[in-house]
Number of protein chains: 4
Amino acid sequence: MKVIVDLCVVPMGVGVSVSQYVAECQDVLQEAGLKHQLHAYGTNIEGDWDEVFAAIKRCHERVHAIGAPRITTSIKVGTRTDREQSIQEKIDSVTERKN
Amino acid sequence: MKVIVDLCVVPMGVGVSVSQYVAECQDVLQEAGLKHQLHAYGTNIEGDWDEVFAAIKRCHERVHAIGAPRITTSIKVGTRTDREQSIQEKIDSVTERKN
Amino acid sequence: MKVIVDLCVVPMGVGVSVSQYVAECQDVLQEAGLKHQLHAYGTNIEGDWDEVFAAIKRCHERVHAIGAPRITTSIKVGTRTDREQSIQEKIDSVTERKN
Amino acid sequence: MKVIVDLCVVPMGVGVSVSQYVAECQDVLQEAGLKHQLHAYGTNIEGDWDEVFAAIKRCHERVHAIGAPRITTSIKVGTRTDREQSIQEKIDSVTERKN
């Protein structure tokens, strides 16, 4: 089942700067070979449900491993049976309406 | 890895009333034997990461199967390595401070 | 405009235990006279859009005031023009389907 | 109070394609003169708390006005007192760590 996900991993108990932990998650997604796009409040990810959620689990494991005792993550996940849609097609479907 | 999750499954393309689809997800969680508590904007779930996310995937499969062509779901997932905490303990940790 | 909101305020830079800050937000909602219901991963709130969002702003101000240098909050907000629905009616619309 | 927000407005009861409604929200943000950046699962917005949340309210009003009987929106909102940070600075703080 194909998904488009928005992932926002927030480590707790590690101070105010969390970019190091977000960068670690980018590495996990890169290693998984998943198409992903960082933005200011999360990362869009595109791929197969099992591969994407396995990578999200590894993000939690790695962020704990590099020192975060607690994590709160928010995930938005979209699936559809009427047609497949990529990250770029979702963006284009909006921007094309505005031109 | 133990998780506490908040799950909100929103079917699209099925009209304004979605309670039938939310009830289907409650059945999935019940069948999975996962501790869960419905509230007005989602369901708290407690359990092992793999079991909880397998059930979330089944929710998408079942909601599609009963007629929703598209689904957007928001998930909050918490993990911690300092100690284990149940749904009730999380609630009590706040209410005890207010008494 | 009437809303039903789910609010989850997460202070950052204050260690792993955040119940004190969540309790402060409960006080803000209480003082605002807003109907609200705590659960394990947030608080359901019911009321007028302006009153609810004014209270959410005050939550951020108060949580900063008691020592959190950074806050990340997730909010789900629902509005509808077809009919009004309370927190309890939303829950009942699902539980009645399962009996 | 300065905020960075991630906004995802989902109209319900209007079929599977929602790009028309997301485009309407982009117009609202444009008219408000707010710095904003669309991605595949929402829009990052930067600005003053009151201006940003007034625009979010207008998004709901306009999406209802063009035919959506129900809306469920998810918002992530970040505030901090230790320093100001723009949308681009948040992204750079992660990408710089990976180079």
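Glycine is treated like the rest: Cβ placed from N, Cα and C.
Nobody curates TrEMBL annotations by hand; they come from automatic prediction.
Annotated domain 'Thiamine-binding protein' per TrEMBL: C:5-94, in sequence order.
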Task = Determine how many residues of the domain 'Thiamine-binding protein' (C:5-94) DSSP places in helix, in strand and in coil.
result = 38 helix, 31 strand, 21 coil
Local confidence of the domain 'Thiamine-binding protein' (C:5-94) - pLDDT mean = 97
